[in-house]
Amino acid sequence: MTSWSCGWALSHRLPGLSAPLIFVYKNSSRADNFRIGIQRKKMRGASALALPSLLLVLTLSSSLCNVSASTKQDQVYIVYLGEHAGAKAEEAILDDHHTLLLSVKSSEEEARASLLYSYKHTLNGFAALLSQEEATKLSEKSEVVSAFRSEGRWAPHTTRSWQFLGFEEGVTNPPDGREWLPSLDKSSEDIIVGILDSGIWPESRSFSDQGLGPVPARWKGTCQGGDSFSSSSCNRKIIGARYYVKAYEAHYKGLNTTNAFRSPRDHDGHGTHTASTVAGRTVPGVSALGGFANGTASGGAPLARLAVYKVCWPIPGPNPNIENTCFEADMLAAMDDAVGDGVDVMSVSIGSSGAPLRFADDGIALGALHAAKRGVVVSCSGGNSGPKPATVSNLAPWMLTVAASSIDRAFHSPIKLGNGVMVMTVTPYQLPGNKPYPLVYAADAVVPGTAANVSNQCLPNSLSSDKVRGKIVVCLRGAGLRVEKGLEVKRAGGAAILLGNPAASGSEVPVDAHVLPGTAVAAADANTILSYIKSSSSPTAVLDPSRTVVDVRPSPVMAQFSSRGPNVLEPSILKPDITAPGLNILAAWSQASSPTKLDGDHRVVQYNIMSGTSMSCPHVSAAAVLVKAAHPDWSSAAIRSAIMTTATTNNAEGGPLMNGDGSVAGPMDYGSGHIRPKHALDPGLVYDASYQDYLLFACASAGSGSQLDPSFPCPARPPPPYQLNHPSVAVHGLNGSVTVHRTVTNVGSGEARYTVAVVEPAGVSVKVSPKRLSFARTGEKKAFRITMEAKAGSSVVRGQFVAGSYAWSDGGAHVVRSPIVVLVA
């Protein structure tokens with residue numbers, strides 16, 4: 001599209017009309033010939049004149065309009081400049097950004113109009129509307145690290161969960177988590193958590209400020225008003241709220257406020273859920289639809305303050321409520337503001353789709369880097385694309401990347417098949433009458449023309465009403481949304497849905513608020529049901545009343561949907577870092593959204609059950625709050641280290657953590673292990689790292705693509721990426737021997753002595769030197785070496801990762817464990 005501007009066009013009025021006009025244009029075959037549709041814009045208080053649209057064809061010379069040579073529509077680009085060079089006033093930073101834009105724009109007015117965001121608090125950069133040619137010119141300038149498109153490839157990825165973590169910490173029978181949650185200490189009132197998500201429903205009881213003290217004096221944020229949201233929507237719990245929509249609107253040409261609030265208010269539910277999981281207040285008598293998970297809801301840090309940054313908005317389409325998208329330019333502006341506002345922890349349950357971006361082109365990675373420099377811990381979801389390997393996202397070492405696992409709670413509803421066999425399932429409510437209902441397999445009840453490979457999927461308009469009316473329909477997971485399959489069964493007149501797991505999901509059963517009596521079954525049980533249907537001429541089933549069951553064993557179990565390693569961007573950094581509860585998590589919900597988000601679902605709930613790494617991420621964010629409250633002077637790297645090195649690789653019974661398909665899990669599934677927040681408060685030793693350490697890492701990392709700060713020149717031969725002082729060790733392509741260097745800092749109370757224990761990866765020799773570390777005081781640092789060598793004659797398969805670990809122990813309360821992952825060349 002030809003880019004142009006005419007000063008008169010925005011204010012021109014036709015004689016006899018008092019209302020302004022909107023000018024809509026498109027270029028014709030000649031660059032100076034514009035077809036302009038003129039429509040009257042109805043103004044508040046103006047008379048409603050029924051004027052037809054006027055169509056004028058104006059031939060304009062280039063002297064009247066500023067016509068650029070661009071032949072493509074401008075897009076939003078992020079121009080990243082690294083760190084600010086010394087202290088500068090915000091106005092001076094803005095002037096610098098305008099000057100750079102003016103170097104590629106034809107006028108100062110055009111340069112200023114193109115600027116969407118000026119990043120001024122932490123990182124140096126801006127977001128602007130640019131052509132590809134203009135972005136390329138800017139990227140060639142010496143002061144520019146990168147210029148990349150801001151795309152909508154990013155998207156958002158409890159009662160019992162915190163009690164279960166308390167059980168794992170060794171607290172017996174904690175009725176509501178109070179015996180162990182250190183967050184009930186008043187010190188966490190001074191910690192501020194920034195939530196990047198879809199906004200918040202401020203009226204939820206989880207966000208009450210009753211009993212909280214004044215807002216911390218260091219807070220610099222604001223409560224931004226908008227649709228159904230005013231400054232009074234904030235309180236001493238939600239101390240700040242902002243929204244960011246410029247990049248979204250630049251892409252979609254506006255926001256449909258039928259499906260979204262132009263304000264921090266949450267229309268989706270996802271943001272409200274994650275915020276209450278981090279820092280929701282203690283609320284008794286809470287349950288999901290159908291009475292599931294009844295109990296006391298609480299976030300992990302119920303006294304911490306919340307700062308809300310709404311960056312995710314509905315994707316336009318037939319059902320915009322189903323999925324949100326989040327643009328990097330908006331997210332980076334939010335992260336920049338969050339650090340400037342004074343947050344201590346940032347929780348980002350958002351990840352990218354498609355191939356991972358290099359760090360210099362990754363808005364979340366850049367925002368997290370500069371946040372970490374200022375002591376802010378950034379926790380990110382790892383993604384829901386498992387169990388396929390190499391699917392984990394958010395891959396930078398300066399952020400916590402979180403996998404998802406189960407808790408010890410299940411929802412049982414026995415199904416009695418007509419042959420007497422009992423199958424355990426999950427259902428939010430019952431079929432009437434407690435009587436047998438006919439049972440039918442979806443593949444046997446589809447309309448003609450349904451593709452054979454999806455005939456069992458219960459996709460929209462696939463079922464024949466004549467064949468399913470009044471029956472329980474067995475559908476299989478796969479294509480389409482789980483709750484949408486239930487909607488299809490209801491449309492066709494079915495009485496209930498039985499949703500069977502595929503083999504890859506094993507026994508992992510998510511709870512869904514189906515629009516009709518619905519239940520989910522494990523893969524093995526689905527096969528049992530299908531075998532019965534095949535063997536019977538008139539199959540039936542009875543759904544018994546459901547109940548909530550706790551202390552389920554084994555637990556935790558790694559969720560099959562949780563994205564797995566290795567880190568495809570930088571294999572020398574193990575990802576994910578940690579796992580936390582993310583399956584069937586109950587938390588607060590937006591009352592503008594139904595529990596399924598489907599257009600046909602008009603139910604309203606205050607709390608909802610969801611699954612995903614979006615749910616596990618805020619658990620880790622809450623743990624970071626607790627550590628920050630206990631150790632306010634620790635760096636973000638030290639806090640991340642404390643959380644990782646105190647994690648466990650065992651389940652509650654003492655056995656190894658398992659995957660949902662029954663296999664033994666490993667570091668590619670859970671990173672360092674399952675989170676233990678109380679242990680993280682007293683880790684004994686930490687692995688610290690600075691902003692300069694990360695820049696040096698980036699100099700050698702294939703994932704960076706360039707230096708990340710022009711003020712930090714890369715050495716001619718930077719150390720390899722695995723030499724970053726990180727709490728885990730990953731060596732990619734071991735050929736011969738490799739020596740990895742690490743340094744630990746004593747954060748215990750004074751004098752301490754530690755001894756190392758090693759579990760060698762299969763076929764790899766691991767030697768740690770020295771084997772003992774002695775510390776005379778708190779804060780003292782000690783260095784050591786880890787030498788790895790492929791064993792001669794080993795049967796280890798080349799090109800496959802093998803895992804081990806090393807752990808420093810003081811013989812008492814402190815065991816500082818680090819996973820080792822090696823790929824032998």
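Glycine is treated like the rest: Cβ placed from N, Cα and C.
Automatic, uncurated: that is what TrEMBL annotation is.
Pulled from TrEMBL:
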type: DOMAIN; residues: 76-150; note: domain 'Inhibitor I9'
type: DOMAIN; residues: 189-652; note: domain 'Peptidase S8/S53'
type: ACT_SITE; residues: Asp197; note: active site, charge relay system
type: ACT_SITE; residues: His270; note: active site, charge relay system
type: DOMAIN; residues: 437-529; note: domain 'PA'
type: ACT_SITE; residues: Ser614; note: active site, charge relay system
type: DOMAIN; residues: 723-822; note: domain 'Subtilisin-like protease fibronectin type-III'
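Sequence features, as recorded in TrEMBL, placed on the structure.
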residue: Asp197; record: active site, charge relay system; Cβ within 10 Å: 29
residue: His270; record: active site, charge relay system; Cβ within 10 Å: 29
residue: Ser614; record: active site, charge relay system; Cβ within 10 Å: 29
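Regional average pLDDT for the domain 'Peptidase S8/S53' (189-652) in the model is 91. Across the fold, the C-alpha of Asp197 (active site, charge relay system) and the C-alpha of Ser614 (active site, charge relay system) stand 10 Å from each other. A gap of 8 Å separates the Cα atoms of Ser614 (active site, charge relay system) and His270 (active site, charge relay system).
Secondary structure of the domain 'PA' (437-529), assigned with DSSP and counted as helix (H, G, I), strand (E, B) and coil, comes to 30 helix, 21 strand, 42 coil. According to DSSP, the domain 'Subtilisin-like protease fibronectin type-III' (723-822) comprises 1 helix, 61 strand, 38 coil.
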